[in-house]
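Take a look at the structure set out below.
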Amino acid sequence: MWFYWTTKTKHLLFKGVDINGTTATFEACVVLFLATFILEGGKCIMLYWNTRLAQHPLTYGQTDHKHQDRNPLFNSLMIPSSLEHIKRRRAKYHIFSCLSHIFNLILGYLVMLAVMRYSIWMLVAVLLGSMVGYFIFGALGHNVQLKYTSLLMVKETMDIGHINHSHEYPDGPSSENRF
Amino acid sequence: MPKDARVASAGLSNKRMFFHTGVSEYILFEQLLTSSAGEMVGACVAIFFLAVLYEGLKVMREQLLKSAFSSSMKYREVTISSQTSQDNIIIDPKSNGFRMLSSSHFIQTALHVVQVFVSYCLMLVFMTYNVWLCLAVILGAGAGYFLFGWKRAVVVDVNEHCH
């Protein structure tokens, strides 16, 4: 009903999980901190798979070095060898994106339910976990976005005299996000 | 009711866990109890503006991110191999990447914490199950999206804690 500085919580998320006393509250807060930290990591992982899904299929040859990704005839152009390989790769990206989405949903709802107990200590633990998690995984996610959304196709670079940056580079990675 | 029992069941004892219209609710803190219609209107207006500002915060974080990226992408060196053969001309983007210890990342982290806190507060306000407060949250989010959403390039943000 309102925020408490509690040291006693009955039935935290599961029946029988009772928090009594300061050490138990501290342990519960550490668990929540780690859960929120992992949640931020899960967001980074989901961002990675969605960025790979948004990546232009003809640039798979530049980022993935299995032999199917490069057509042996046009090996130097680094384009994938067939539509089947593109489809298989994108199916894999979709499956992993879905799995990471499910994981994030479950963990996110569990953290939300813990915050819903209106304990200020637990809210502080969640905020700290989200701060540290975003500091590390947020930067990682931005680098991942930068890497996979600024790939160029080789044929665009053959116009040596007319390399036009405003045409080739996207307007910031966020415009490439299609979740 | 003994204080221990009251404290132990904190968060579980919202007596009316269904949508109800009333004028007396605790808004997040024990001291913020709205007891009359006027106070409820004031609380709804405050929650409305909080939801509008929350949408604005999300858009502002996105703008900051874009400007941080574009400033690191502006001066990119283009290296072309000396043979200039037709195959193997790959422009390797030599960008700094997003530095973890840059001031823009510190600002983004601070804004992230604020965003998480405000989003949890709005969720907890919605959890009062009071129809007026819920309407204030919903309409505030809608108005905020209307005011700030036209600037966005992305429709779904991965930083929302519940989609």
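Quick reminder: no glycine exception, Cβ is built from N, Cα and C everywhere.
These come from TrEMBL:
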type     : residues  : note
TRANSMEM : B:40-57   : transmembrane segment
TRANSMEM : B:106-126 : transmembrane segment
TRANSMEM : B:132-150 : transmembrane segment
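For the transmembrane segment (B:40-57), same-chain residues at least 6 beyond its ends with a Cβ under 8 Å from one of its own Cβ atoms are 23-25, 27, 32, 34, 111, 114-115, 118-119, 121-122, 125, 132-133, 135-141, 143-145, 147-149. Non-local neighbours of the transmembrane segment (B:132-150) in the same chain are 19, 21, 25, 27, 40, 43-45, 47-56, 58-59, 122, 125-126; each lies 6+ residues outside the stretch with a CB under 8 Å from one of its CB atoms.
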